[in-house]
Ligand SMILES: [Zn+2]
């Protein structure tokens, strides 16, 4: 990597389209909130909690993820969690972020939908002061039932103006998109944007179903799509963005080494691939860590950096005028770096 490329990767404006806010919860904040709320957690120290982050697959990660979320009880807790992430995003020159949240993780513990959404939304509003446009996307947990998703949607509808879309996350295998066909149809009728995790560990068939049954506008992950040439063609033709998360894929062993990641193959096939952090507190890096490590490992070059950042703006749900402004700023950053 030339000496200027890391600086350019860090400085270029970018959008993050795949970040679970509960996955940005750092061990320090978990301990702080546990103390503030008088919640007992099964770890003696920040260090011990950090050591527990040695995942081998998606499920072993999810087990710790839900334990960490148990310290979130009050609106201010959700604000503090989102604010900590948004400060890091701003430092990484993320100028647009579309943040996933998992209300069922909280409502199942007796925390109200209002507490969750109002805390997160207030932080998103305040992020404007740091130059970050932040929006929320409500995710349904796919290991739970569609009935539960319908109930969650009903609880969230009074707060409809505070989130822009819905997604589908958590354990993929064994929970195909078809399971949520009816609730996604309802969300579509309500004018919500639609995204879904598909093709992270699951097969290309899950990506097809997310597109054709759920009618999503973006695929979260989607890296398994390369196994199906017809699917690759469809994704390229319809310019369906893939929100790829390289360090997450590495940590969850989707690829054995970062050098084996298929991000270049996705770009070369003309797909609207993007780079994102997924669950940055748990997977070893925020946005710029993902860019820097992925470029160092795979040998991607300056033109790929431009393409990935431009893709992130194109793939966002920002209105057309905002997308144009983001792209102008991207062009300025590249012009300034020569
Ligand atoms: Zn994810």
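Glycine is treated like the rest: Cβ placed from N, Cα and C.
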*Same-site Zn(2+) binder from 106, 193, 197, given that TrEMBL records 18, 20, 278*: 197
*Do you know which of the recorded positions 200, 221, 278 end up with C-beta under 6 Å from ligand 1?*
278
*Around the Zn(2+) site recorded as 18, 20, 197, 278, what other same-chain residues have a C-beta within 8 angstroms of the site's C-beta center?*
19, 23, 100, 169, 220, 221, 243, 245, 248, 276, 279
*Cβ-Cβ neighbours of residue 197 (Zn(2+) binding site) (radius 10 Å)*: 29
*Looking at Cβ-Cβ distances, which residues of the chain lie under 8 angstroms from residue 221 (site 'Important for catalytic activity') while being 6 or more apart from it?*
18, 197, 198, 199, 200, 242, 243, 244, 245, 249
